[in-house]
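Peer 1: The transmembrane segment annotation in TrEMBL covers A:7-26. Feature annotation from TrEMBL assigns domain 'DNA/RNA non-specific endonuclease/pyrophosphatase/phosphodiesterase' to A:97-308. For A:HIS163, the entry in TrEMBL reads active site, proton acceptor. Look at TrEMBL and you will find A:ASN195 tagged as Mg(2+) binding site.
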Protein chains: 2
Amino acid sequence: MRYQIKSVVNKLIIFSGISGISFYVGRKSVQSSIDNNCNVSPLKYFNKPGLPIYATVSAAVPVLRNEIIDKPAIIPTENRIATIMKYGFPGLDNIRSFDDYVLSYDRKTRTAHWVFEHLTSEHVKHNNEVDRAKCDFKPDESIHPFFRADNTDYKKSGYDRGHLAAAGNHKKSQNHVQQTFYLSNISPQVGVGFNRDSWNRLESYVRKLTKVYQNVYVCTGPLYLPRKETDGKLYVKYEVIGTNNVAVPTHFFKVVVCETKDGKLEMESYVMPNEKISDDTPLESFRVPPESVERAAGLLFFDKINRKMLNKVNGKKV
Amino acid sequence: MRYQIKSVVNKLIIFSGISGISFYVGRKSVQSSIDNNCNVSPLKYFNKPGLPIYATVSAAVPVLRNEIIDKPAIIPTENRIATIMKYGFPGLDNIRSFDDYVLSYDRKTRTAHWVFEHLTSEHVKHNNEVDRAKCDFKPDESIHPFFRADNTDYKKSGYDRGHLAAAGNHKKSQNHVQQTFYLSNISPQVGVGFNRDSWNRLESYVRKLTKVYQNVYVCTGPLYLPRKETDGKLYVKYEVIGTNNVAVPTHFFKVVVCETKDGKLEMESYVMPNEKISDDTPLESFRVPPESVERAAGLLFFDKINRKMLNKVNGKKV
């Protein structure tokens with residue numbers, strides 16, 4: 001067969017049903033709410049065949065409740081996740097909550113569908129106790145090994161390990177910034193001219209919005225856009241790298257909602273090609289209608305906001 | 001921009017939060033179980049920000065409970081779905097339950113991630129009251145219009161509207177077979193030599209397994225496999241058709257579990273390229289290790305079955 005289907009030499013891994021590790025916080029909250037109110041065991045409602053409750057499936061090594069509770073540093077508070085996701089989930093595939101951002105993982109491409117962040121001036125200001133240089137890129141062991149990217153996938157690929165949730169957006173603790181170095185939050189990005197330059201310019205711009213707006217919500221992710229070839233037909237084409245076939249996105253998006261002190265909302269939406277971009281290209285030239293990104297990504301952004309209620313979209317009155 | 005980002009000329013559509021239409025059966029079941037056991041309203045546990053419960057998101061026009069109850073013919077029984085999904089969900093993205101099969105929808109490719117069926121001799125035997133010729137291909141209106149395939153997408157594309165859940169597997173009622181004609185269950189397939197020939201041969205083979213085995217569980221879906229190009233790098237490349245950019249998969253898979261009367265389980269796993277295949281190519285030559293399909297598809301098949309307990313995989317003792 002000309003196409004690449006990898007055969008597995010390891011022993012078969014035993015799977016163990018729906019474990020819902022990513023949303024243990026949600027589960028815990030729902031269950032304990034029920035526990036507090038009546039005496040029936042809520043567990044029996046959650047294990048029926050035919051009734052999936054969580055947008056994640058089993059990992060080879062399920063994380064047990066006790067293990068989680070032993071590591072309080074990585075338990076995101078329910079409030080923080082609720083704040084980050086205040087305006088809706090763009091999609092619900094394989095949700096993974098970190099302390100200061102939320103991620104939806106695409107097991108087919110070995111990178112995220114999207115990541116969601118909430119920025120304020122507090123989150124992005126300089127903090128002497130946080131040192132990005134101490135961070136290491138790490139495989140995300142909450143992802144099943146079949147679908148997990150590894151550092152070796154990036155080696156000699158020619159691509160940077162580019163952050164989706166930017167490291168510089170999470171300066172409240174060393175743990176927060178370290179969590180942006182999980183490879184689930186990383187995509188292969190062109191280094192010079194993109195990750196280290198124009199994409200970084202866009203990230204800095206979004207951070208600076210916190211000087212003007214009280215709250216900045218930002219959703220970031222990869223795109224795999226079709227392109228017309230000489231036969232007149234449209235094709236999606238992207239490279240995959242390493243033994244895990246990590247997808248190299250053709251483009252990346254950022255959709256931002258800024259909230260003023262008096263609750264007014266403005267939206268900005270950017271798509272940048274994953275290629276060398278001249279430093280003098282203005283960021284405004286990458287603005288696209290948010291619906292275009294939604295159609296291309298298969299996602300719905302900020303769907304709890306009625307778009308007619310937005311004060312501005314891409315700098316223009318709606 | 002050389003790539004295709006479609007701009008939206010229609011008015012913006014107002015989204016309305018998580019509506020969980022696909023899993024209303026699950027929701028109803030969970031809620032009514034709680035209702036029967038204690039007096040607190042369960043609804044308050046289901047609408048917290050930061051706590052998604054269902055693996056679907058909002059549609060532009062949410063289906064209301066009353067509308068659903070008005071159409072009893074399309075309410076799948078909980079037992080039937082539980083039977084079909086007895087051995088686990090391969091993934092949990094945008095689950096959609098029909099009367100006689102279950103589907104996970106990929107909003108990015110406008111076709112399914114996978115469909116799941118449970119076959120017995122009862123389900124596939126000839127039924128005078130069922131006439132496939134009376135069925136029409138229909139857009140699946142439960143899918144948000146941004147991500148929904150339409151019949152016009154297939155027109156003049158050169159591809160057949162190929163079934164994932166095969167029409168011939170659902171002969172218990174006209175409604176069952178009609179539901180396999182929703183475009184969410186359809187992928188662009190090469191007609192002559194594939195959909196009408198070798199793929200059809202594989203579908204017939206799976207149906208005939210019901211003569212030998214009491215229960216046959218089958219998961220079917222598209223693949224987008226990488227291929228080495230002349231530069232030595234691997235690329236995923238697939239055509240997209242129509243104004244909705246419906247993806248043309250490079251391959252399709254079927255993973256089958258057969259259950260004998262005494263509960264023994266056997267697994268078979270097939271991958272076929274979406275191209276003209278000679279009729280004399282034996283079906284066995286398309287067998288691949290199930291783990292290869294899992295890695296390529298980003299799915300885990302029959303994960304409630306310990307694979308060491310399988311009697312056979314692809315005809316060989318485990």
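The backbone N, Cα and C atoms fix where each Cβ goes, glycine too.
Just so it is clear, the model here is predicted, and its values are computed rather than measured.
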Peer 1: Check each residue in the chain of A:HIS163 (active site, proton acceptor) that is at least six apart in sequence and keep those whose C-beta is under 8 Å from its C-beta; list them in sequence order.
Peer 2: A:THR180, A:PHE181, A:ASN185, A:ILE186
Peer 1: If you average pLDDT over the domain 'DNA/RNA non-specific endonuclease/pyrophosphatase/phosphodiesterase' (A:97-308), what do you get?
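Peer 2: So the average pLDDT across the domain 'DNA/RNA non-specific endonuclease/pyrophosphatase/phosphodiesterase' (A:97-308) works out to 98.
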Peer 1: Once near-sequence residues are set aside, which residues in the chain of A:ASN195 (Mg(2+) binding site), 6 or more away, have Cβ atoms under 8 Å from its Cβ?
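Peer 2: When sequence neighbours closer than 6 are ignored, A:ASN195 (Mg(2+) binding site) has A:ASP160, A:GLY162, A:GLN189 within Cβ distance under 8 Å.
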Peer 1: Which secondary structure state does DSSP assign to the residue listed as 'active site, proton acceptor', in the simple three-class scheme?
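Peer 2: The three-state answer is strand.
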Peer 1: Look up the residue listed as 'Mg(2+) binding site' in the DSSP assignment and reduce it to helix, strand or coil.
Peer 2: helix
